[in-house]
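What Swiss-Prot says about this protein:
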ACT_SITE  Asp29  active site, proton acceptor
ACT_SITE  His175  active site, proton donor
BINDING   Asp30, His80, His84  Zn(2+) binding site
DOMAIN    22-203  domain 'NodB homology'
Amino acid sequence: MLLRKELEPTGYVTWEVPNNEKIIAITFDDGPDPTYTPQVLDLLRQYKAEATFFMIGFRVQRNPYLVKQVLKEGHEIGNHTMNHLYASNSSDEKLENDILDGKKFFEKWVKEPLLFRPPGGYINDAVFKTAKEAGYQTVLWSWHQDPRDWANPGVESIVNHVVKNAKSGDIVLLHDGGNDRSQTVAALAKILPELKKQGYRFVTVSELLRYKH
């Protein structure tokens, strides 16, 4: 796997975009999910928050109406590959196809911005090269903003992790699909008002990237 110190200087991979604007980008991986994505959208609407959803192609095939809903409500989507293959245990050819099949599929919905997030955050030479040549900005997350919600650690654990570590320019990693995400939804209902009270505005990743120097 390639390391952050190798990837960051290329300008093609982003973990966060520090700035003075009190803005945070909340991202959701592994959806869309017919149970949890609508609940997430309801909360985002309630707090006038924009977000970015890194979707898996095969889940979009099952729930195409949710992509329309996400986009209609002013959020953005990114390619989280077609089948969620990990660079840690897949061949270069399979990884390349998974990214490019996802790209082809997501182009039906959105042409810009071209955002990609590799499953598990794993990036090897094949993933980096394929994403770069496909025109993607690869988006990971702030290392201090992974509350491991996918492991269902408890609502308060998720809330405390995100709120206590919040800094302007953060990219927060949450999940709206792949399993029982009721803890994530319950945590989001507390995270949004708390950070709003602290003066934060919730933006899409592409808006956050405008602050990148």
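The backbone N, Cα and C atoms fix where each Cβ goes, glycine too.
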Zn(2+) site shell beyond Asp30, His80, His84, criterion: Cβ within 8 Å of Cβ centroid = Asp29, Gly31, Phe54, Met55, Ile56, Arg59, Thr81, Pro119, Gly177, Gly178
Quick one: give me the count of other CB atoms within 10 A of the CB of His175 (active site, proton donor).
-> 23
Using Cα-Cα distances with a 10 Å cut-off, which of the recorded positions Asp29, Asp30, His80, His84 are near His175 (active site, proton donor)?
-> Asp29, Asp30
Within the predicted model, mean pLDDT of the domain 'NodB homology' (22-203) | 97
Looking at Cβ-Cβ distances, which residues of the chain lie under 8 angstroms from His84 (Zn(2+) binding site) while being 6 or more apart from it?
-> Asp30, Ile56, Phe58, Asp98, Pro119
The answer, for which of the recorded positions Asp29, Asp30, His80 has its Cβ ringed by the most other Cβ atoms inside 10 Å, is His80
Whole-Å Cα distance, Asp29 (active site, proton acceptor) to His80 (Zn(2+) binding site), is 7
